[in-house]
Amino acid sequence: MSIRVIIAGFKGKMGQAACQMVLTDPDLDLVAVLDPFESESEWQGIPVFKDKADLAGFEADVWIDFTTPAVAYENTRFALENGFAPVVGTTGFTSEEIAELKEFSRAQDLGGLIAPNFALGAVLLMQFATQAAKYFPNVEIIELHHDKKKDAPSGTAIKTAELMAEVRESIQQGAADEEELIAGARGADFDGMRIHSVRLPGLVAHQEVIFGNQGEGLTLRHDSYDRISFMTGVNLGIKEVVKRHELVYGLEHLL
């Protein structure tokens with residue numbers, strides 16, 4: 001039996017890539033799409049909804065969310081309330097929101113996934129960086145994205161920093177008497193690590209994790225040149241969440 005899928009934010013670039021992936025997979029069935037600004041009532045013969053409230057009671061298994069940080073939490077909560085296992089690529093969740101959604105998913109006996117990045121290479125980068133941080137506590141992150149991205153730093157950069165912070169010796173980097181001549185020049189501070197965000201047209205999603213030690217350096221980098229790079233992870237997420245009973249944060253928990 002096919003897994004019935006709803007896609008929220010289907011008009012965006014990630015939403016469109018997800019639609020094409022679902023439509024070409026015989027194990028998946030795209031049963032509805034959601035976008036508050038869509039004027040048509042159908043898209044490729046699939047019903048279009050403008051208000052998520054109209055999807056209450058709809059027969060579906062999985063809710064894919066590529067919307068905006070402003071509505072992602074409400075959408076994920078709505079999905080769980082209505083029996084849809086969420087697969088969420090929208091970023092901007094607080095740690096408190098993620099914890100609350102995990103608890104609620106267990107109460108609903110539903111699987112779910114919030115993933116800062118669906119590219120398998122990016123997930124591996126985070127794992128490699130976590131291993132390196134045990135031995136190289138001096139580290140900075142540079143994340144680069146297209147100029148339409150609404151949040152900074154990226155969810156991937158935050159997740160990477162969180163994972164490294166769990167194993168890294170906590171130190172304050174840079175000179176003790178360091179002075180920023182322009183505010184923000186040293187980037188955002190996360191437990192002594194610095195995160196730098198670049199936003200330029202022509203980019204998709206890229207991240208470097210740069211480690212330094214006496215007389216040596218180590219640089220890890222991942223590049224997504226096309227949004228198709230995320231679809232393997234989205235597909236995996238759809239097929240895994242329907243088997244599970246709680247929401248997880250990070251694609252690595254499903255690998």
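Placement of Cβ uses the backbone N, Cα and C atoms for every residue, glycine included.
Feature annotation from Swiss-Prot assigns NAD(+) binding site to G9, F10, K11, G12, K13, M14, D35, G89, T90, T91, A115, P116, N117, F118. According to its DSSP assignment, K13 (NAD(+) binding site) is helical.
For the recorded site, H145 (active site, proton donor/acceptor), the DSSP three-state label reads strand. Cβ contacts within 10 Å of H145 (active site, proton donor/acceptor), excluding its own Cβ and spanning all protein chains shown: 22. For H145, the entry in Swiss-Prot reads active site, proton donor/acceptor, with the evidence type sequence analysis.
Within its own chain, T156 ((S)-2,3,4,5-tetrahydrodipicolinate binding site) has P116, N117, A122, M126, E143, A205, Q207 as residues 6 or more apart in sequence whose C-beta sits under 8 angstroms from its own. Taken from Swiss-Prot, the feature (S)-2,3,4,5-tetrahydrodipicolinate binding site covers H146, G155, T156.
Neighbour list (K149 (active site, proton donor), Cβ cut-off 8 Å, at least 6 residues apart, same chain): R199. Residues or ranges marked as active site, proton donor by Swiss-Prot on the basis of sequence analysis: K149.
Remark: H146 ((S)-2,3,4,5-tetrahydrodipicolinate binding site) has R199, L200, P201, G202, L203, V204, A205 as non-local neighbours, by Cβ distance under 8 Å and separation of at least 6 in sequence. Around T90 (NAD(+) binding site), the same-chain residues at least 6 positions away in sequence with a Cβ under 8 Å from its Cβ are G9, D65, F66, T67, T68, P69, A72, N75.
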